[in-house]
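Take a look at the structure set out below.
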Amino acid sequence: MAVVTVNLRAVTSWVGIARIFAVVLSCVAFSLVASTNNFGGPYGTWCMFTWCFCFTVTLLVLLLELLELYPKLPLSWDDFTSAFSMLAALMVFTTSVVFPSTFISSPCTSSVCARQAVATTISCLCFLAYALEVGLTRAKPGDISSFLSTVPGLLKVFEAYVACLIFSLLDNYVSEAGLQWCVAVYSICFIFTFLIIVFTIGRCLSYIPCPLEKILVGYSALALVMYITATILWPLYSFRGRSRPSPCDKNCWWNKHLGITFLTIFNLIAYMVDLVYSTRMVFLRTP
């Protein structure tokens, strides 16, 4: 019979404490919103999914590290936990913005509204817990044993997540060739970035018979150039000769296209920083 080893450091270290806080806070946020029975629609479903998903995966990570079962998994555990903590921080941050802007109205006087406000505050604290975990597990300068814990690796998760947000806002783009090119840019860069993340976690990149680090630098440069074109073409073709309709609610095409414009700029900056750090890691590595 196999002997199960208990590693108390998994829950007593700073990283473990941050994960415990994230588990508790995400559970409380979910429970408070569930008690209001007011979370319908796609935005409410997204918020509830975020809290449940982060709670479940973080609890699983804690248990696997506590019982030291993670070495038996066929994946790079450090890369997986780094990528997940970054993804969870981004998801909870988005939820902490989307939920109050969608469900909390002013003035907030009812008990339901009070619980929603408390859930929002708890969600913000949960984001801080995940952000703390990202900071604690981030690779130190010169340490590249876990790629997804480095700045370029964390940026890969950010780039893929922002692309997913862009996809969720896409609407009415087939009529313009310039907009179709932008969608192609978002799709191509997302696919390659996602594959890099998956192959890194699955320990598959080592089987590629070529200088992988230099290929990643080349990909970052190409993605940057593609996003520069999208940053110019998307607002040009989206708003040219088209004024903001009135009224324009949260589902209005104008607001969605404006959101995509800002998200495109965010990803452009991310790919720029990614290229700078990747170049420094590959070509300016300290002995």
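Cβ atoms are placed via backbone N, Cα and C, with glycine included.
Remember, it's a predicted structure, so these values are computed and weren't measured experimentally.
Per TrEMBL, domain 'MARVEL' is recorded for 10-142 (among others). Per DSSP, the domain 'MARVEL' (10-142) is made up of 109 helix, 0 strand, 24 coil.
Taken from TrEMBL, the feature transmembrane segment covers 12-34 (among others). Panel annotation: around the transmembrane segment (12-34), residues 44, 47-48, 51-52, 54-55, 58-59, 61-62, 65, 88, 92, 99, 115-116, 118-119, 122-123, 125-126, 129-130, 132-133, 136-137 of the same chain, lying at least six beyond its termini, place a Cβ under 8 Å from a Cβ of the stretch.
Within its own chain, the transmembrane segment (46-64) is flanked in space by residues 10-11, 16, 19-20, 22-23, 26-27, 29-30, 33-34, 39, 70, 73, 81, 84, 88, 91-92, 94-95, 98-99, 123, 126, 130, which lie at least six positions past its ends and keep a Cβ under 8 Å from the stretch. As annotated by TrEMBL, transmembrane segment applies to 46-64 (among others).
Taken from TrEMBL, the feature transmembrane segment covers 84-105 (among others).
If you look up TrEMBL, you'll see 112-132 (among others) marked as transmembrane segment.
Positions annotated as transmembrane segment by TrEMBL: 144-169 (among others). Beyond its flanks by at least six residues, the transmembrane segment (144-169) meets 76, 78-80, 82-83, 86-87, 90-91, 94, 134, 137-138, 186, 189-190, 193-194, 196-197, 200-201, 216, 220, 223, 256-257, 259-260, 263-264, 266-267, 270-271, 273-274, 277-278, 281 of its own chain at Cβ-Cβ distances under 8 Å.
Annotated domain 'MARVEL' per TrEMBL: 147-283 (among others), in sequence order. Confidence in the domain 'MARVEL' (147-283), given as mean pLDDT, stands at 87.
Per TrEMBL, the feature transmembrane segment maps to 181-203 (among others). Sequence-distant neighbours of the transmembrane segment (181-203) (same chain, 6+ residues past either end, Cβ-Cβ under 8 Å): 74-76, 79-80, 83, 147-148, 153, 156-157, 159-160, 163-164, 166-167, 170, 173, 216, 219, 223, 226-227, 229-230, 233-234, 237, 264, 267, 271.
If you look up TrEMBL, you'll see 215-237 (among others) marked as transmembrane segment. Sequence-distant neighbours of the transmembrane segment (215-237) (same chain, 6+ residues past either end, Cβ-Cβ under 8 Å): 152, 159, 176, 178-179, 181-182, 185-186, 188-189, 192-193, 196, 208, 257, 260-261, 264-265, 267-268, 271-272, 274-275, 278-279, 282-283.
Annotation source TrEMBL lists transmembrane segment at 258-277 (among others).
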For the transmembrane segment (84-105), sequence-distant contacts whose Cβ falls under 8 Å of one of its Cβ atoms, 6 or more beyond its ends:
22, 26, 33, 38-39, 41, 43-44, 46-47, 50-51, 53-54, 57-58, 61, 113, 116-117, 119-120, 123-124, 126-127, 130-131, 133-134, 137, 148, 154, 157-158, 161, 165, 250
Let me spell it out: take the transmembrane segment (258-277), skip the flanking residues so only those 6+ beyond its ends count, and list any with a Cβ under 8 Å from a Cβ in it.
150-152, 155-156, 158-159, 162-163, 165-166, 169-170, 182, 186, 189, 217, 220-221, 223-224, 227-228, 230-231, 234-235, 238
